[in-house]
Amino acid sequence: MGRAKKVVLAYSGGVDTSVCIPYLKQEWGVEEVITLAADLGQGDELEPIREKALKSGASESLVADVKDSFVKDYAFGAIQANALYENRYPLGTALARPLIAKILVETAEKYGADAIAHGCTGKGNDQVRFDVSVTALNPNLKILAPAREWGMSREETIAYGEKFGIPSPVKKSSPYSIDKNLLGRSIEAGLLEDPSFEPPEEIYEMTKAIADTPNEPEYIKIGFHGGIPTTLNGIAKQPVELIEELNQLVGNHGVGRIDMIENRLVGIKSREIYESPAMLVLIQAHRDLESLTLTADVTHYKRGIEETYSQIVYNGLWYSPLKVALDAFIQKTQERVSGTVRVKLFKGNSTIVGRSSDSSLYTPDLATYGADDQFDHKAAEGFIYVWGLPTRIWSRQIKS
């Protein structure tokens, strides 16, 4: 008896998910495999991917265009939260997983499948993100993860697929693993597993090498409403359009590359290369606008929330009660985070050079050191006396 009768497989067209199709049927006795590819703006031609799934043995191959939802329901929330895992990674891949899990569950329920399958290995974070999200949305569905159990190396996986006529775009001599969507690219494996090895220029696609970037800076203006980016250079943009244009503008100046040693949820460290031009600049600009529009105590408290939020997303807990609670707090803080941020792009750097907002808490006649200064300097002495009182009492006590 097989492990499941009908399975919906998260499908990318890559090596692992393609090999999963014959493996599920031949090794695990699955009768029917339905593949589901999510169009997350990865730029691939999806019809060839759909055809590849059918040629690999899928009974049906589906494609879901979820780009708009990906940006509005996932990326924008992360921007409002200034979410950077370990203060560097803007979670482009991690944000896609709960959305993919959601449409997998919806498809399984529609087609009467009894299991969900994915091609994640046992060393990565994605297995956690998929499994936890699926069980949160429908705990009655089984989860099958062939790559977690089959024990094949990447080279052996490629060879297994070739036995069933599955071609691989990955060169056996340099097997980089690449994941791409609208928010960015992640590159790992191969020569990159040596943390001292400088990444070759050939791995990058969304960002130019510094030597190839323009010799003059470019200035852009990003407009926010309620913490959500809505305009670029004064022109209103649809969510997907905004991300696409920013990726092009920012990447053209070599901005958006990340090379980091990352702490994975499964307990190991991994060398990861990311390209995420739009998200990095949007978070940078959004955080700057918050400094203009939020009070000091809210700003400082929210910084701690942001770290927790990024860990929750990274660790696959998008549908957890804590995530829901943090969302409520973050949304409340964003009510007055509206305005425009001016960014200078030049030779791999993005620099905030100006910001403005109708909700600005910056008061020129209190901040100035000029003749228009309205700050009550005499009041400072009494404030300092009260502020420092606990410290003086403590000091007297330990010295007595």
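Cβ atoms are placed via backbone N, Cα and C, with glycine included.
Cross-referencing Tyr89, Tyr219, Tyr309 with the L-citrulline binding residues that Swiss-Prot gives (Asn125, Arg129, Ser177, Ser186, Glu262, Tyr274) picks out Tyr89. Among the candidates Ala38, Ala108, Ala113, Ala136, the one that Swiss-Prot lists alongside Ala10, Tyr11, Ser12, Gly13, Gly14, Val15, Asp16, Thr17, Ser18, Gly119 as binding ATP is Ala38. Of all the Cβ atoms in the protein chains shown, 25 others lie within 10 Å of the Cβ of Gly119 (ATP binding site). Nothing from the binding-site residues Ser12, Gly14, Tyr89 places its Cα within 10 Å of the Cα belonging to Thr121 (L-aspartate binding site). In this structure, the C-alpha atom of Tyr274 (L-citrulline binding site) lies 21 angstrom from that of Gly119 (ATP binding site).
Report note: the L-aspartate site is defined by Thr121, Asn125, Asp126, and the residues of the same chain whose CB lies within 8 Å of the CB centroid of those residues, excluding them, are Cys120, Lys123, Gly124, Gln127, Val128, Arg129, Val266.
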